[in-house]
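K.L.:
Per TrEMBL, transmembrane segment is recorded for 6-25, 32-50, 56-78, 99-121, 133-159, 204-222. Positions annotated as domain 'NADH:quinone oxidoreductase/Mrp antiporter transmembrane' by TrEMBL: 6-144. Here TrEMBL flags 153-222 as domain 'NADH dehydrogenase subunit 5 C-terminal'.
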Amino acid sequence: GETDSALLLFISVMTMFMSGVVAIFEYDLKKIIALSTLSQLGMMMFSISLGLFELAFFHLLTHALFKALLFLCAGILIHGVGNTQDIRSFGGLSLNFPLVTVCMNLANLSLCGVPFLAGFYSKDLIVELACQYSWGVFILCMMFICLSLTVLYSVRLTYLSFVGVYSGGPSISVCESDHTLIGPVVILSFVSLISGPILSWLSFPAPVLIFLPVFLKWAALLF
């Protein structure tokens, strides 16, 4: 009923918020990605609490694809730096892992909901339809804060891993000559580029009609 969905809404928004905040202060590479999974699960539950079940499933599918890509790239980085997960001992890895850098940034941008990547099609639809519901200003503000937290920990992860000065041990290897590692990553990169529009054309027979004021329409991108 109404109280159940309100309770689910509250719990999901709090989940999104807390996992985003914790991910900003975390230094373990795999924990950051796991916490971002948690915040996206909050996003799916948020969608369900508004009654958008098909959208939640659509977000589950697109998110599964680019999150698999993120975890694979993280595994390659951990393997290449000498089995350390601490991103404080990373830095400047784009020189040693150019392809993994490109693919991981692609997955991160897709997670942030950058237009025309896979995550945009599901996430932006949930956000815009949530803006149409009259749950109140607090929930809307929390949702947008959680969106900006997602961008924040993704940018932080990218910056600490690929930009700056390498600050780890001397044993760094170039894993990109190993095709068994690189093959799945490249395939998943293409999938996380094109799966958004393809899945949305397959799963929604008619386009969703959204009426929003200009500010709310741009709000997701602005945040």
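In case you wondered, yes, glycine gets a Cβ from its N, Cα and C as well.
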K.L.:
Counting only residues 6+ away from its ends, which parts of the chain sit with a Cβ under 8 Å from the transmembrane segment (204-222)?
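P.N.:
Residues packing against the transmembrane segment (204-222) from afar: 54, 58, 113, 115, 124-125, 127-129, 131-132, 144, 147.
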K.L.:
Which of 6-25, 32-50, 56-78, 99-121 has the most Cβ pairs closer than 8 Å to the transmembrane segment (133-159)?
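P.N.:
Stretch with maximum Cβ contacts: 6-25.
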K.L.:
Can you say which of 6-25, 56-78, 99-121 has the most Cβ pairs under 8 Å with the transmembrane segment (32-50)?
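P.N.:
By the under-8 Å Cβ criterion, the transmembrane segment (32-50) pairs most with 6-25.
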K.L.:
Which residue counts does DSSP give the domain 'NADH dehydrogenase subunit 5 C-terminal' (153-222) for helix, strand and coil?
P.N.:
47 helix, 0 strand, 23 coil
K.L.:
Is it possible to list how many residues within the domain 'NADH:quinone oxidoreductase/Mrp antiporter transmembrane' (6-144) are helical, extended or coil according to DSSP?
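P.N.:
Taking the domain 'NADH:quinone oxidoreductase/Mrp antiporter transmembrane' (6-144) as a whole: 110 helix, 2 strand, 27 coil.
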K.L.:
Summarise the model's confidence over the domain 'NADH dehydrogenase subunit 5 C-terminal' (153-222) as a mean pLDDT value.
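P.N.:
Average per-residue pLDDT within the domain 'NADH dehydrogenase subunit 5 C-terminal' (153-222): 86.
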